[in-house]
Amino acid sequence: MTPAARSQAAIELLDAIIGAARTGGAAADTVIQRYFAARRYAGSKDRRAVRELVYAAIRSSGEVPPNGRAALLVLADADPVLAATFDGSPRGPAAIAPGEPRAGRGVAPQWLAQALAASGLDAAAQAALVERAPLDVRINGLKPAPDLPDAAPIAGLPEGRRLPSGTVVDTLPAFAEGAIEVQDAGSQMVGLALPVELGMAIVDLCAGAGGKTLALAARMGNRGRILACDTDRTRLSRLAPRAQRAGVSIVETRLLDPGREAATLSDWQGRADGVLVDAPCSGTGTWRRNPEARWRLTPQRLARLVATQTHVLDIAAPLVRPGGSLTYIVCSLLDAEGPEQVAAFLARHPGWRTDTPPLPAGSPHGAGIRLHPAADDTDGFFVARLIAP
Ligand SMILES: C[S@@+](CC[C@H](N)C(=O)[O-])C[C@H]1O[C@@H](n2cnc3c(N)ncnc32)[C@H](O)[C@@H]1O
């Protein structure tokens, strides 16, 4: 592909990604994969270059851009080499006309930038939310130590390793052997807030495909019981094969029916030593990996997520045995989903208290701990540990 053709491809992709964000369609990564699956003539260098252009444009626009061309023009304004590719050639974008509209620069839509500021994140901390993310893996202590010569250690996380960006993890022998899992350092750290011992009975209420479930099982030395639940059949179905690859045999999965979760969990009432609620959230802490997610969030969607978090917390509480713990995690930095959610839980559940888990990073925030890219070089998370009366 010529440089001009790459720019045209980036514009087409940005148009598709903007459309998907407006209509709740596929994620940017999926849109890009599908685009190139239909254009086999594009080589790996072309794909990489176009992908980088697309993501740079997504990162630079806080509000949803009017169209892909307006988004790419923002980059072209700061890059004469890119601007020169708007050359009107047959496969390239039309020449730049005077006064053409540009997408707005910024970190997030205005309402969200205000909510993040009200949650204590200044401009620099907000800007770090859309920087490129590192590639972290967790070493699975249930398998022989893998050989990862290019990996760097991560402070405070003996099982964490940072790989060179661009490493294709699922082609590494260590991955096939189940010795590593891709997991952001922050995600590994907040999982440590749930106290576990060998032989405990744990419920992972929002287990998804089991990223944190597998880490818990490894910390438990694969001894005890973990009940991994979710309402999403597709996500939960990915857990069993992952557990098998990781050598984890203590996990039982249970699909929950939304609205009927408590009935399906009646056999676990008051019996869990620990419950993990890795709640569905707005994901403001993971924009480094999904920067177009900030174009999808609306105040209405945020309100629905907050209501779901409240609901899931109230399902979790009765599962915990007296003196047991409930660990609440969100990968969001909005106070409505973190400290305010925990304060409301404590008001609804007299006798419960919080304690502060010792984590290798993060700072106290409300009744919990917050990690974020600017301060901790991790994705953004809020975690709180609640103790049952
Ligand atoms: C942040 S994700 C979990 C990620 C997972 N723990 C991990 O580490 O990979 C939140 C999950 O909550 C699930 N969920 C949503 N509503 C739920 C409910 N009422 N009960 C249980 N899980 C629910 C979603 O399907 C989603 O998989």
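Positions of Cβ are set from backbone N, Cα and C atoms, glycine also.
Here TrEMBL flags 104-389 as domain 'SAM-dependent MTase RsmB/NOP-type'.
Annotation comment: TrEMBL describes D230, D257, D278 as S-adenosyl-L-methionine binding site. Following the DSSP three-state reduction, the secondary structure of D230 (S-adenosyl-L-methionine binding site) is strand. Sequence-distant neighbours of D230 (S-adenosyl-L-methionine binding site) (same chain, 6+ residues apart, CB-CB distance under 8 A): C206, A207, G208, L236, T253, L255, L256.
Residues annotated as active site, nucleophile in TrEMBL: C331. When secondary structure is read from DSSP and collapsed to three states, C331 (active site, nucleophile) falls in the coil class. Around the Cβ of C331 (active site, nucleophile), the same chain contributes G186, S187, C281, G283, T284, G285, T286, D379, G380, F381, each under 8 angstroms and 6 or more positions distant in sequence.
Counted over all residue pairs in D230, D257, D278, the record's binders of S-adenosyl-L-methionine, the longest Cα to Cα distance measures 17 angstrom. According to DSSP, D278 (S-adenosyl-L-methionine binding site) is assigned to a strand segment.
Ranking the binding-site residues D257, D278 by the number of CB atoms within 10 A of their own CB puts D278 at the top. For ligand 1, the neighbouring binding-site residues among D230, D257, D278 are D230, D278, by Cβ distance under 6 Å.
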